[in-house]
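As recorded in Swiss-Prot:
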BINDING   R39, R45  NADP(+) binding site
REGION    95-117  region 'Disordered'
BINDING   R132, S133, S134, N253, A254, G298, K313, P314, I315, P316, T317, R339  FMN binding site
Amino acid sequence: MRYITAGESHGPQLTTIIEGVPAGLPLVADDINEELARRQKGYGRGRRMQIETDQVQIVSGVRHGETLGSPIALVVENRDFAHWTKIMGAEPLTEQEEKEMKRKVTKPRPGHADLNGAIKYGHRDMRNVLERSSARETTVRVAAGAVAKKVLAELGIAVAGHVIEIGGVQAKETTYRSIEELKSITEASPVRCLDEEAGNQMIKAIDDAKSNGDSIGGIVEVIVEGMPIGVGSYVHYDRKLDAKLAAAIMSINAFKGVEIGIGFEAAHRPGSEVHDEILWDEEHGYTRRTNNAGGLEGGMTTGMPIVVRGVMKPIPTLYKPLQSVDIDTKEPFTASIERSDSCAVPAASVVAEAVVAWELATALIEQFGLDRMDLIRENIEKHNEYARGF
């Protein structure tokens with residue numbers, strides 16, 4: 001599977017075209033809208049979320065509630081475009097209109113794509129950069145991820161994300177009895193945190209940052225249960241599943257770090273405390289005593305839950321902006337201010353779920369793939385039976 005996205009933050013709409021989804025997958029707009037609504041929630045979001053109520057339109061590739069095997073086109077309207085029609089319109093402006101145009105950006109924000117992107121593409125108005133580099137684009141990445149989640153769910157694979165740290169406040173209680181319990185608890189939390197006490201402290205940290213005109217980041221974790229053993233590859237570097245997952249997490253706006261399993265903690269432990277001992281029983285086949293590897297060894301799945309974490313830096317747009325330079329005058333100025341969130345970590349956990357789900361669904365279709373969901377399901381069932389008795 002593959003997809004591309006198009007659209008600007010304040011343009012008329014966001015679009016994604018998805019190729020390679022098997023035929024026979026049950027899919028309706030509500031499957032996608034549910035994920036879009038989850039992305040819009042979360043403590044610390046800005047005023048934009050009060051304007052937009054993201055709803056997807058399925059333009060192609062689905063008929064009567066089932067995928068056809070042809071490309072799927074999804075569109076999400078930007079309601080805020082009504083206030084930006086002249087500024088973000090596709091038609092050329094007159095010389096006078098260009099002089100009168102508001103919201104031209106010439107003061108780049110430290111930590112954002114503004115300056116680097118303007119230099120790369122030769123834009124004197126950095127709005128041309130920030131409109132596309134905005135995290136608004138993750139709306140349609142979540143839409144594509146919702147399709148991938150649907151593929152996984154049909155194959156008995158569950159995906160859930162949660163927040164384990166915001167602004168230096170760490171969740172101490174992160175245990176759960178089932179992935180359904182994890183989902184239930186996090187969906188009820190304003191910051192998508194399993195630890196209620198830590199969640200309350202995270203809310204206070206977000207409030208403090210907002211009142212100071214600042215922003216804060218954090219860490220999200222995605223857990224996936226039900227993946228078969230041996231998905232991915234050790235044969236080539238670019239087919240290793242952990243490498244693909246790491247790239248997917250790092251592709252999310254403002255993410256600066258990733259780890260799988262115990263991750264960087266492995267540097268502090270001897271091998272005897274890191275590697276997961278192998279067990280076998282007749283009912284389950286091969287399992288592990290622990291899951292320090294996070295469900296991945298040698299670029300392939302082990303059959304244990306996949307555990308991936310990502311670090312999100314504080315959002316670069318600050319209401320008490322940092323020092324910058326006006327690219328027209330070269331004079332020092334404080335950076336431009338755009339409407340923004342004080343913390344988007346809870347929402348980012350939903351985006352992280354989406355990109356992880358996409359990579360896993362793609363890997364499954366590549367390995368067991370045919371053009372029909374029923375045949376893929378049969379192939380995976382045969383593989384699981386083979387692996388249990390290996």
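Backbone N, Cα and C define each Cβ position, glycine as well.
Mapped onto this structure are the features recorded in Swiss-Prot.
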| residue | record | DSSP class |
| --- | --- | --- |
| R39 | NADP(+) binding site | helix |
| R45 | NADP(+) binding site | coil |
| R132 | FMN binding site | helix |
| A254 | FMN binding site | coil |
| K313 | FMN binding site | coil |
_For the region 'Disordered' (95-117), distant same-chain residues with Cβ under 8 A (at least six beyond the ends)_ = 86-87, 123-130, 133, 313-314, 316-318, 321-328, 333-336, 338
*Write down the Cα-Cα distance for R39 (NADP(+) binding site) and I315 (FMN binding site), rounded and given in Å.*
16
*asked:* Using a 10 Å radius around its CB, how many other CB atoms surround T317 (FMN binding site)?
replied: 21
*Taking the Cβ of R39 (NADP(+) binding site) as the reference point, list residues of the same chain whose Cβ is under 8 angstroms away and which are at least six residues distant in sequence.*
D54, T138, T139, V142, A347, V350, V351
*What number of additional C-beta atoms lies within 10 angstroms of the C-beta atom of A254 (FMN binding site)?*
19
*Out of R132, K313, I315, which has the highest number of nearby Cβ atoms, where nearby means within 10 Å of its Cβ, if these are the binding-site residues?*
I315
*Express the distance between the Cα positions of A254 (FMN binding site) and R45 (NADP(+) binding site) as a whole number of Å.*
15
*With an 8 Å cut-off on Cβ-Cβ distance and a minimum sequence separation of at least 6, pull the same-chain contacts of S134 (FMN binding site), or say none.*
E8, S9, N253
*Near R45 (NADP(+) binding site), how many other Cβ atoms are within 10 Å of its Cβ?*
19
